[in-house]
């Protein structure tokens with residue numbers, strides 16, 4: 001009992017406790033507590049999802065901007081070092097190469113030592129997790145720290161290594177979302193909800209894209225196209241709300257840091273608005289889409305083939321298994337040596353950063369026409385107001401530098417994707433596509449120097465518009481997405497080329513999707529992740545194939561009248577996570593599901609009231625409190641492969657039991673379903 005020491009001031013008789021009297025500022029504490037309880041009540045009346053999404057967007061914007069700020073300082077220090085070492089070729093070469101070699105080897109070594117799951121972009125693993133597969137290690141907090149440090153070091157190498165930020169940052173956003181979800185569940189006392197978690201992870205994927213490009217609309221659509229096979233419209237508002245908060249905060253930080261006067265697009269363009277293109281140019285935009293589609297197929301095929309070669313080659317596989325930092329340093333040395341500006345790098349604009357590459361390629365002036373009569377000298381240092389001069393070397397024409405840039409970056413990017421470190425691969429593909437479009441645009445500007453005559457109006461061709469279409473088409477073809485067109489508009493703030501850019505993206509996807517799997521699907525296949533392949537039911541005849549053709553008939557059931565000795569034998573001889581519970585051994589009528597963990601626990605804690613020597617059955621264990629689950633969904637042997645595939649994808653299922661007239665006859669898991677789809681798509685050769 002508390003010791004009472006007096007009455008409250010102004011009270012009619014309610015006593016004051018000793019703890020309350022001597023506590024520090026009891027009235028203030030009570031007021032603060034009441035205020036916090038009132039605020040909590042009002043906030044949760046609105047809905048906790050809103051606060052969760054706002055916190056996620058703001059937090060990811062802060063992380064993205066902080067990373068960009070730190071990376072910018074490191075890149076600036078590298079340029080200063082390269083500029084100040086003098087004219088000696090050896091010192092300049094060492095200052096150019098040692099920097100990325102050290103950063104890349106540290107990125108690979110640090111990230112792999114902290115978490116071996118931090119390498120790559122992380123998007124294939126996220127796509128697998130959003131389909132219902134549990135990959136806990138990829139959402140671990142250690143993985144977050146390794147990914148942040150490793151990605152920062154990778155991006156600090158600049159355009160020398162030529163890698164991006166999108167994929168790993170989406171992975172970081174999903175990890176933050178999972179962590180905040182656990183905190184929220186503990187705060188409000190909510191049990192874990194798998195469906196709710198997947199909804200929040202989908203919104204987090206949109207936030208990751210939006211806080212990299214400050215593009216909320218394309219961020220949501222790109223995350224849907226890349227991550228989801230089926231998407232609920234109910235999740236739309238979550239994705240757009242969180243992405244808008246993140247993009248707004250990201251651009252607002254740039255204004256606060258005096259980087260810009262107001263919130264604008266990242267890559268500003270000066271395209272002609274009144275007549276941006278003539279009607280006959282639509283044909284060339286569509287042709288550009290077909291070219292990007294063909295080149296994307298070549299890139300995807302070469303990338304998968306080279307990755308397979310690196311993994312199977314005796315020397316490279318041994319080096320990757322024993323010393324990943326050494327492999328990263330070796331690849332970085334090769335790439336840095338090629339991009340050394342006084343060497344081959346002078347012919348591929350190697351002194352420009354990746355952002356400056358896009359700024360220059362989106363220039364609306366024709367470089368070929370500007371250098372037709374005279375070749376400007378190659379500047380000693382890049383001019384921020386005339387970045388296009390980096391593409392004009394006295395020994396090469398504009399077409400030569402653009403073509404050389406494409407050829408070199410094509411295989412250099414494939415080589416860089418084999419390094420085991422956190423890195424994104426979307427931005428390099430986007431820039432390569434812009435160079436493809438720029439090359440075609442410059443060729444058309446030379447072929448039609450006065451523009452294509454359409455009626456009485458004559459308008460010069462803008463190669464920057466073709467660069468914009470090429471960037472969207474090539475990146476869309478590699479990733480099998482259409483939203484890259486909208487991303488190009490949000491990045492540049494221009495929508496005057498909306499129709500030709502969209503037509504180019506559609507043409508590129510028409511070729512790529514029919515010839516090659518996307519970059520992320522190819523990575524899923526290379527890593528052998530548990531992901532169901534996509535099927536076209538009506539085209540490959542998945543309806544005639546039924547469950548009875550591929551189900552697992554070796555089903556271990558537990559009947560209620562099974563003696564406990566046999567139950568123990570079944571549990572110890574099998575390793576399945578759950579058993580189908582049937583009524584009797586004769587009828588095999590499916591009545592429920594019993595988890596292995598619950599069954600083992602019940603067997604180990606037999607009631608003391610049981611008489612020794614008396615035979616007991618499974619139904620006695622169940623009556624004693626062993627929990628069972630009802631069978632809410634099951635397959636029929638006549639269910640088609642297409643229907644089973646749709647159920648597994650939309651409901652994120654792992655396995656289902658097959659019943660015929662209530663009798664358990666088999667089961668279907670991911671393994672059987674994936675094998676059936678593979679056999680249907682690639683039938684075995686006749687014997």
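Glycine too: its Cβ is placed from the backbone N, Cα and C atoms.
Cross-referencing 304-324, 325-345, 346-366, 367-387 with Swiss-Prot places the feature transmembrane segment at 325-345. In Swiss-Prot, the annotation transmembrane segment applies to 204-224, one of the ranges 204-224, 519-539, 540-560, 561-581. Looking at 236-256, 257-277, 593-613, the stretch flagged in Swiss-Prot as transmembrane segment turns out to be 236-256. Cβ neighbours of residue 281 (Ca(2+) binding site) (same chain, under 8 Å, six or more residues apart in sequence): 444, 452, 461, 500. The average per-residue pLDDT of the prediction over the domain 'CBS 1' (551-609) is 81, rounded to a whole number. When each of the listed stretches 161-181, 204-224, 282-302, 325-345 is scored by C-beta pairs under 8 angstroms to the transmembrane segment (458-478), 282-302 comes out highest. Contact between the transmembrane segment (325-345) and the transmembrane segment (94-114) is supported by 3 or more Cβ pairs under 8 Å, counting only residues 6 or more apart in sequence. Its own atom aside, the Cβ of residue 278 (Ca(2+) binding site) has 19 Cβ atoms within 10 angstroms in the protein chains shown.
DSSP labels the residues of the domain 'CBS 2' (626-687) in these numbers: 22 helix, 16 strand, 24 coil.
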